[in-house]
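The block underneath contains the structure these notes are about, expressed in structure tokens.
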Amino acid sequence: MENGLTALQVAAHYKHLDIAQLLVENGAKLDVNDGLDGKTPLRIAVEAGNTNLVRMLLKHNANPNMPALRDAPIHTAVHSESQDILKLLLDAGAVTELLNGNGETPLIIATGKGNISIAKYLLNLEADADSSKAKSSSLLLAACRKGHLDMAGLLLKYGASIDKADAEGNTPLFLAV
């Protein structure tokens, strides 16, 4: 295959749903993550924003939590701000607290982007609003640093601690003013 990719990875990259379907029905491996920075066909389809291909791969039991070098499919969906694809992945068992290669959960990514609708969706599925996995000590601190007032309010509504300080002793209140 080109650059060490499987035929299914190539079909996903070029958004060829019919070819991908034919390959899957004839035994193509769904969770191969060789080439393209370790991206599986599912991750490639998510990156391409191809909802129908994502749906087909998940229907055939592609692993929604299969990591690549950096992001699993759920992280890619949040980066691309595709709530429809995110819902498909979560319905198929994607883990809301899964860490990517940078140590970020999907909610950390949504917070950094200021994406209220995806953050709220994840929080409604019990993603941790007060996660200590965030590099900035807390999601609330990250929202305050970036000036995302609406995001800060959302995180507080879902239980983020207003008193959690970063390594320098900064609290969300200090950063917000």
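Any Cβ shown, glycine's included, is placed from N, Cα and C.
Curation plays no part in TrEMBL annotations; they are all automatic predictions.
Marked as repeat 'ANK' by TrEMBL: 3-35, 37-69, 69-101, 102-134, 135-167.
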For the repeat 'ANK' (135-167), distant same-chain residues with Cβ under 8 A (at least six beyond the ends): 103-104, 107-108, 111-112, 114, 116, 119-120, 123, 129, 173, 175-176
Close approaches to the repeat 'ANK' (102-134) from elsewhere in its chain (Cβ under 8 angstroms; 6 or more beyond its ends): 70, 74-75, 77-79, 81, 83, 86-87, 90, 96, 140-143, 146, 148, 150-151, 154-155, 158-161, 164
Residues of the repeat 'ANK' (3-35) by DSSP state, where helix covers H, G and I: 18 helix, 0 strand, 15 coil
